[in-house]
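*Asks:* First the structure, which I've put down as structure tokens, then a few questions once you've had a look.
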Amino acid sequence: MSEETLRVLEYDKVVRLLAGHAVTEPGQERILALHPLDNPAQVIEALAEVAEMAALVEQQGRPPLGGCRDLRRSLRRLHADGSWLPAEDLLAVLSSVEAAAACRGYFAGQSRAPKLGLLAAGLAACNALQREIRASIGSHGEILDSASFELGDLRQSSRQLRARIRRKLEDMLHAEAFNGVFQDTIVTERNGRYVVPVRADHRGRIKGLIHDESASGQTLFVEPNSVLEWNNELQALQRAEQREEERILRRLSALVRDQRGPLEHNQNLLALFDLRGAAARFGQMCGAVVPQIVDQPLLDLRAARHPLLMIGPHGEIDAARAVPVDLKLGRDRQVLVISGPNTGGKSVALKTIGLLVLMVRSGLPVPCDADSRLFLFSSVHADIGDEQSIEQQLSTFSGHLARLRRILEAAGPGTLVLLDELGTGTDPAEGGALAMAILDHLRNAGVRAVATTHLNLIKGYAATRDGVENAAVEFDPVTLRPTYRLHYGIPGASQAFTIARRLGLPDEIMRCAEDYLGDGEKAGLELMERINARQHALEQELAEARKLRARAEQERARRKKLLDDFEAQRQALLEKARRRGDQLVRDAERKIRDLLQQARETGQQVPEQARLTTEMRAVRDDLHRAQPVPPHRDRAPKSVTVGELVRIPTLRAEGEVVRVQGDAIEMTVQGKKLRLPLASLEAFRPRRFAVRQSGGAVRGRVQRDAFSPRLMLVGKRVDEALPLLERFVDDALLHGMPELEIVHGSGEGVLRKVVREFLAEHREVAGFHAADVGQGGDNVTLVQLRKT
């Protein structure tokens with residue numbers, strides 16, 4: 001991309017805007033050096049990394065880069081032999097090493113960001129360097145006593161000697177023999193040596209060296225002879241301490257020098273993470289996404305917005321400030337001619353196309369809808385603006401031609417050309433003819449081009465040439481401003497007369513201007529204005545219709561939710577009532593069984609047994625009839641497992657899953673194997689009493705004076721068998737039967753599985769098992785009931 005194209009499309013402003021979201025100096029510098037990438041593979045890689053970073057930032061915030069420091073100056077300094085770093089630089093190295101470790105942890109195990117995770121895994125640990133600096137340099141850049149044994153000993157000796165000197169001098173300051181000699185009772189230092197403040201008129205009372213005097217000359221700072229040797233010794237210790245500190249810094253600097261390569265590698269990676277994080281943050285703020293990259297030379301940016309138009313008066317980003325516009329170029333639309341009023345709308349559309357293409361080529365997300373598509377144009381060439389060259393004595397028209405010549409030399413298949421006000425600056429007829437020839441050349445060369453114009457000649461060209469299409473910038477005649485929306489397939493009117501009238505040009509001039517127009521031109525302008533006005537009205541009606549539709553959808557969803565909530569509450573109340581009634585019946589049954597058991601144990605006759613049993617069954621039948629079948633089918637299960645029972649609503653049958661292959665489910669149904677999609681199945685939840693019985697006797701029901709402990713269910717469907725099974729167990733409990741035999745057959749095992757699930761949940765069943773082979777084997781289940 002030429003620097004001229006980057007400049008006229010204001011690429012540098014976007015880069016500076018992005019750099020404001022960097023958190024490290026190296027990251028900021030890397031962003032400011034950003035440039036469109038030449039290699040499409042690198043572009044796709046960068047976009048994938050931005051997409052991964054955006055997902056992570058949304059989930060857990062930006063990576064912990066705050067500790068990363070710019071180490072380039074320090075590392076360059078270590079190139080010289082014998083050089084060493086001050087403690088502050090070593091502390092910066094430690095901070096960067098710790099930031100790299102924190103980033104490794106941030107990306108570790110992140111399945112949503114495999115590319116970034118792989119990069120982060122390459123961050124060098126530098127553990128030994130980290131331990132040594134941390135053990136030697138404090139958080140404020142001070143060298144710690146623990147940096148070496150020698151340093152610790154020297155500092156301990158210095159502290160002890162300082163304390164001895166201070167005690168000696170403080171005793172002198174408070175001694176009665178020196179009353180009135182000292183100006184103050186504070187021990188102080190001059191030139192690194194401890195001194196006492198002596199009044200000038202008593203200077204002879206204290207023997208020693210005078211190091212300084214006060215500004216007034218009234219106080220002398222004297223080092224008494226009694227501490228002279230100790231001060232000498234203290235300074236010797238300080239010099240030794242400085243030498244040891246330098247030795248420690250040299251040792252640590254040598255460790256840094258050995259890790260210079262890994263440290264530079266880490267800094268580059270952290271700067272890259274900062275760039276990706278800034279791009280992700282920018283995308284969050286302005287609604288930017290990574291569009292779908294396609295192989296064909298097309299551009300389909302939906303609801304695209306110019307990023308610089310989102311910037312508010314105080315530099316804040318507000319996505320709502322920019323009007324979205326659909327920008328389209330494709331196989332059947334090689335050249336797009338945009339026309340309309342001279343109020344900035346055309347140039348904004350042109351710059352939006354060029355800038356968003358450059359941003360994608362730089363690995364950045366762009367503000368548009370997620371379903372947008374874009375080809376990676378190999379280069380972008382733009383002639384936008386009115387730039388005269390005084391030095392080269394070029395007019396506006398000559399300046400445009402000079403740039404056009406350079407563009408035509410560079411443009412070819414896979415390139416995008418943007419031309420603002422093509423054909424202007426000279427005679428309209430000649431300029432229009434030249435413009436059409438240029439567009440023909442670009443179209444024949446396989447270039448995708450967008451041009452803006454006021455010339456009717458070019459608008460007519462776009463309407464009659466294959467691969468060329470008009471687009472009109474929508475204009476609001478009330479505000480005299482463009483709405484920035486594009487209407488494809490129609491040319492735009494310049495609206496010169498409308499704008500002139502609204503801006504107050506005298507009516508006399510306007511009438512004269514209209515007289516100068518030919519009838520054909522006047523009719524054409526009036527037609528174009530009517531078309532644009534009608535288009536504007538249709539857009540407003542469409543927008544209003546969309547609002548009404550959205551409100552209707554919201555109302556429909558609200559009503560559906562109310563109905564669903566009501567139905568759920570109704571079902572919950574019915575279920576609660578059924579459970580309560582069921583419990584009352586069970587309690588009554590238990591009491592009757594207890595009475596019957598007591599009567600049998602005492603040998604008493606119970607003539608009412610049959611009547612009680614019959615009435616209890618009638619009560620249960622009434623409860624069954626009162627419970628409605630749920631009006632809606634179960635939802636399709638999200639997943640199934642082998643051996644699970646499912647319902648096939650279209651067949652009104654149940655089946656057992658034998659194989660799962662993605663969303664394709666293989667099952668056995670009534671002895672046959674079927675393969676059905678998961679979405680066509682229902683979760684199988686047997687409902688008790690789902691099939692209602694009439695008041696008469698049910699086939700298989702016990703007689704009043706006799707009860708058989710054997711129940712035959714072979715050939716029954718599940719929804720038929722469950723009510724019979726429950727009634728059978730209840731009757732057995734009323735008759736005090738200890739053991740039962742249930743014949744369900746083998747078949748597909750569906751009925752056997754449901755029977756045993758029912759028995760396992762029944763609280764009066766003590767246990768059950770398959771019969772012996774001689775009694776029917778797995779086709780028969782033997783049941784033991786609890787003793788009452």
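Just so it is clear, glycine is given a Cβ too, placed from its N, Cα and C backbone atoms.
Annotations in TrEMBL come from automatic prediction, not curation.
Reproduced below are the annotations present in TrEMBL:
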type	residues	note
BINDING	Gly340, Pro341, Asn342, Thr343, Gly344, Gly345, Lys346, Ser347	ATP binding site
COILED	528-605	coiled coil
DOMAIN	715-786	domain 'Smr'
*Asks:* List the helix, strand and coil residue totals of the domain 'Smr' (715-786) as derived from DSSP.
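*Replies:* Per-class counts: 35 helix, 17 strand, 20 coil.
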*Asks:* By a simple count, how many Cβ atoms lie within 10 Å of the Cβ of Gly345 (ATP binding site), its own Cβ left out?
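*Replies:* The answer is 25.
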*Asks:* For Pro341 (ATP binding site), what residues in its own chain, 6 or more apart in sequence, show a Cβ-Cβ distance under 8 Å?
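*Replies:* In sequence order, the residues whose Cβ lies under 8 Å from that of Pro341 (ATP binding site) (at least 6 apart) are Val473, Phe475, Pro482, Gly492, Ala493, Ser494, Gln495, Ala496, Ile499.
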*Asks:* If you count the C-beta atoms lying within 10 Å of each candidate's C-beta, which of the binding-site residues Asn342, Ser347 ends up with the smallest number?
*Replies:* Asn342
*Asks:* Mean pLDDT over the coiled coil (528-605): what is the value?
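*Replies:* Mean pLDDT for the coiled coil (528-605): 74.
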*Asks:* Name, in the order they occur in the sequence, the residues of the same chain whose CB lies under 8 A from the CB of Gly340 (ATP binding site) and which sit 6 or more residues away.
*Replies:* Lys346, Ala472, Val473, Glu474, Phe475, Pro482, Gly492, Ala493, Ser494, Gln495
*Asks:* Inside 10 Å of the Cβ of Lys346 (ATP binding site), count up the other Cβ atoms and send me the figure.
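*Replies:* The answer is 28 other Cβ atoms.
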